[in-house]
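Sequence annotations record features per position, and here TrEMBL assigns signal peptide to 1-23. Feature annotation from TrEMBL assigns region 'Disordered' to 304-325. Residues annotated as compositional bias 'Polar residues' in TrEMBL: 310-320. Taken from TrEMBL, the feature domain 'F5/8 type C' applies to 424-579. Annotation source TrEMBL lists domain 'Beta/gamma crystallin 'Greek key'' at 581-625.
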Amino acid sequence: MKRAKKWSILLLAGMLSFTGLTAGELPQAKAAGADGDSQQVKLMTFNIKNRSGTGDTAWDNRKQRVVNAIESFGPDLVGMQEGYENQIQDVLSGLAAPYASVGVSRYGNTTDEYNNILYRSDKYRVEEWGQFWLSDTPDVAGSKSAYETKYPRICTWAKFSSLSDSRAQFYYFNTHLGLTDEARAQGTNLLLERIGKYVTSPSIPVFLGGDFNMEETSASFQQIQNSDLNDTWADLGHSYTNDGTMSLFDGSVDTTHIDWIFQRNASRLQSIEINRYHENGLYPSDHYPVQLVAYIPLTGDPSPDRSGFGQASAQYSDSPSGEDVSKAFDNDKRTKFYTPHGSAWVQFRFANGGRFAINRYRLSSANDNPQLRDPKNWTVKGSNDGVNWTVLDSRSNETFELRYQTKEFTFANTARYEYIRFELNSGGSGLQVSEIELFDYVNAARNGSATADGFVSGEGPEKAIDGTVAGNSKWAATGAEPHDLRVDLGVRHNITRFVVKHSAAGGEAADRNTVAFRIQVSDDGSNWTDAVTVADNKANVTTHNVNVFGRYARLYITDAAARSGDTSARIYEFEAYGLAEGAVFYQHANYGGYAVSLPKGRYSLDQLREAGISNDDITSLKVVGGAIVKLYWDDHFLGDSLTLTSDQPTLSAYGWNDKTSSIVIE
């Protein structure tokens, strides 16, 4: 369960001498209504300096100043550098709000400097995390770069999801680069490579922060800028003068700017500041913290992992203690399923006799022995009796380059099954996976047909719905704006999400990303209703959560690119996720309050809660694609029931307002 009450911001009270911030706020990547479809996140990078020092710079004499500097901002997350275990514990115990920490030291233990990440444990959940070394052997703890042999350099990373809305997710990579150009170049290459491999979704926000030991004129800085990550300092309109991030414990402002936060896919950047906090001229560290306020889009899966409720089983029952088949479905990549057989099947049976049209899945590698235990070949099958099986997908010669790496696979399927089985083969003496996830949400545009106002030869509208950005696969149209792309979904859908992949998602320059556009829906292809309006976009991929109905979807572009004089549209993918069959449930009468769409299936109270529906909280509904909806008074399909086959603006006529505890959709 991932739903919780909304949070409030911690305010620092006290009679402290405090100097102002180097600050600014400019609009960036602002979508109309974006803050209602996004969540604020407050991020800080802070080199707290290790425990060396004497007098006022000794750790025991400045640790409260470090705590107070953090609390002056009230961050959701702090990427720290140079802290030892005792320093981290001092900060955790000193902060008033509940924080937790992820990461180990640069030697893979607890005895040296960390690049740990503090996060608000009452607001966020760690979905996964890891650490790698900026060396020739990045997965070897304590390994050093050949270009800087004095200390190991590391990156600690984690994926976070909000407890108040699990769709609000982001990655944070926290690093401390070396002191030589060659070491920084090696570290930068590894950072960009690992981000590309660990972050499987092109739309999820990614932040890269830390002490980079480099200024904006360096080659490594430009390498990051030339990737799909942007410097938030410049994006918010700041100059590179009097922007030093090293306090030197004396309040200097004309030092080097070496602490940075880069990002991609934030829906809006609100402000970035160098926090020059001090107490009567005494500074917390030789670095200033840098702090960012951003809004992130709700990019998490539009429907839950269907393996959250049900029963896992395996061909063999000889797994070691703590590594049984349930660990493959426990939503924790730090655990794993292992069997001492090179070939074995694993299956999942959905709870309550539920059946789902699974069409995508994710497999994650485990912690060790990739050559001997990672699955290389497999077949996915579905069944409704556990005896007769239908092949859904097959893969061969797959590899997982990294530990705890997740790969997603999709296939065409509309048939609903109660059982899903994976027949796995490692080619070795054992077999292991850390996680298997099962999904049934569909990009309806993928099976549609597309037309446009115009297109360049070889870059027709069909390229915008072909499911790939590789090989320059895009729709491009030249000439004056506006431009429009239309997709016929074939039948009327309940659409819950649009995703647009702009120029930089395909590797082009970010100033060619679409700036202003509307997304519209229609039942007849002639009369259009706005579902999304965006102005001043700068993101590479934009995600728009909606709950609308229509057979047709249109992307209507009014400002095609930020580059001066460029009016050409370039769209790599236009995706529309939703249901052709199912139902939409509303909190209030006349389709008001929150709306939750569910495909055909059987939903206990726990499953309804996971989807976002509270107990006894349904007051109206819409039926999609001729489905039959059965509402039950009690959990587990017990008690009085009500069968409906049409839209209901209110359930009061049946005496059923706020009464539902379980649902069957057929």
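Using the three backbone atoms N, Cα and C, a Cβ is placed for every residue, glycine included.
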Per-state residue totals over the domain 'Beta/gamma crystallin 'Greek key'' (581-625) - DSSP helix, strand, coil: 10 helix, 22 strand, 13 coil
Helix, strand and coil residues within the region 'Disordered' (304-325) as assigned by DSSP: 4 helix, 5 strand, 13 coil
Average pLDDT across the domain 'Beta/gamma crystallin 'Greek key'' (581-625), rounded to a whole number: 96
